[in-house]
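In what follows, a single structure is set out as structure tokens and then discussed.
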Amino acid sequence: MNYLPIFVDLKNRPVLVVGGGHIAVRKIDALLKAGASVKVVAEKLHSSLQSLTDEGKVEWIAKTFEANQVTNSYLVIAATDDNALNQLVFETAESQQRLVNVVDDQPRCSYIFPSIIDRSPVQIAISSGGAAPVLIRLLREKLEALIPPNLGAMADIATRWRSAVKTQFPQLTQRRRFWEKLFTHQSFQRLTENHQIEQAEALVEAELHNNNPVLGEVSLVGAGPGDAGLLTLKGLQTIQQADVVLYDALVSEAVLELVRRDADKVFVGKLAGKHSVKQEDTNQLLVKYAKQGKRVVRLKGGDPFVFGRGGEELEILKAENIPFSIVPGITAALGATAYAGIPLTHRDHAQTAMFITGHLKPDGNRLKWETLAQGNQTLVVYMGTIKAAELSAELQKHGKPSDTPVAIISNGTLPNQQVQTGVLSELAELAEKAPTPALIVIGEVVKLQKDLAWFGKEAVQFVSTQETLWQKPTLQNKETHWKQAA
């Protein structure tokens, strides 16, 4: 972080601006909005700046710059086209330990002005530290369109009612739920949009004395296969509204970073053969937190309804009359294979894709090997590495060719993703070397992986020339390269 983002109270504080042209006018405009006492040094003034001086809003203190003008200044701005003068202002301010900004000259700035989206009292400041001002301008335009104009009115009302809400709801969780409910209330939004402030405040008072108990709820959210960019928009919104997040071992650190900072995060992870938290205990925690009136998220790797025991957890919640919702996620069979360059279906290789788990309940039904061994299909096995030897043997026993292509994708979609490929007879050996969590893919589509890999260390390397002529890819030292045409 090259700059510390801070908001400064400039009300009635002296700010020195050296320069009287149109650039100085833009800066002075912002300073006046912040309540600063602006003093200008310039040989002559821009017409609009002259008007501000005539109105007594700005003080024109001198035509030439002197070092003593900096002494009592809170901030200093140099906004001239005279490079030597700008340098003098910068050096003088630095020597007196005053924060100084030389406009459009980043090396001579001890502070910079961000781009501002103003919905006072709500303000959003964005900056690239001077690296890409055009990019920041485009971003600001998008944010201006996204952020409602009534945000300031909503914040003003919240300021006036903050003390009363704190008295009515002494617990932080209660207050948070009240404000979230109010700010998303359609009538409240409509009234503030229409500048009907008295009616909006009447609605606040009515909601404040609404004695209906706050019901807890549980949302099952699919965290996706690992890459935080694959988390759905609704999933992101839900985890940022949660009071408590119960997460498992397959949820990546990048996704956990997106959880609201003050939410309680409870690990309820389990790995095949290494249960650290029993499923029954997880179920009871969901019930417990929901009955405390909290907004609970059960955050699961992949999709909650694909080998995630989501159905089992919802049955418990249903029995306890606890409201629930489901936010689907991208399951590993879709995300990891896509990042590995393995299409699940292909007209030449597979017309069916089948997902199975290698981690069955001890008393569960056996797999239908005859069905799994059929051709023209892709078989994806979750949590299957510890059963790789049995999987390989049974599939071959039931007619699957021993040279059927297989892949094991470890840490799919993450920067440390690894893809090992081989044939069915080698599956057990490959599984022993594969880091977990891992996904097994069996089928002819695996043949395409070397040509279609695009992510991570195994990605196809495209080597360009001016002619952009290419030959087919060849394998060299177990890496895929595109050979430049002669």
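Using N, Cα and C of the backbone, Cβ positions are placed for all residues, glycine too.
What Swiss-Prot annotates here:
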- His22, Ile23, Glu43, Lys44: NAD(+) binding site (BINDING)
- Pro225, Gly301, Gly302, Asp303, Val306, Thr331, Ala332, Met383, Gly412: S-adenosyl-L-methionine binding site (BINDING)
- Ser128: phosphoserine (MOD_RES)
- 1-204: region 'Precorrin-2 dehydrogenase /sirohydrochlorin ferrochelatase' (REGION)
- 216-486: region 'Uroporphyrinogen-III C-methyltransferase' (REGION)
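All protein chains considered, the CB of Ser128 (phosphoserine) has 15 other CB atoms within 10 Å. Between Val306 (S-adenosyl-L-methionine binding site) and Glu43 (NAD(+) binding site), the C-alpha separation comes to 73 Å.
In the three-state DSSP assignment, the secondary structure recorded for Ser128 (phosphoserine) is coil.
Here the Cα atom of Pro225 (S-adenosyl-L-methionine binding site) is found 53 Å from that of His22 (NAD(+) binding site). Checked against Ser128 (phosphoserine), the binding-site residues His22, Ile23, Gly302, Gly412 differ in C-alpha distance, with Ile23 being the nearest. The closest partner of Ala332 (S-adenosyl-L-methionine binding site) among the binding-site residues, by CA position, is Ile23; the full candidate set was His22, Ile23, Glu43, Lys44.
A strand conformation is recorded for Gly302 (S-adenosyl-L-methionine binding site) in the three-state DSSP classification. Spacing of Glu43 (NAD(+) binding site) relative to Gly412 (S-adenosyl-L-methionine binding site) is 65 Å (Cα to Cα, whole number). A helical conformation is recorded for His22 (NAD(+) binding site) in the three-state DSSP classification. In sequence order, Gly19, Gly20, Gly21, Ala24, Ala42, Leu45, His46, Leu49, Ala79, Thr80 are the same-chain residues whose CB sits within 8 A of the CB centroid of His22, Ile23, Glu43, Lys44, the residues recorded for NAD(+) being left out.
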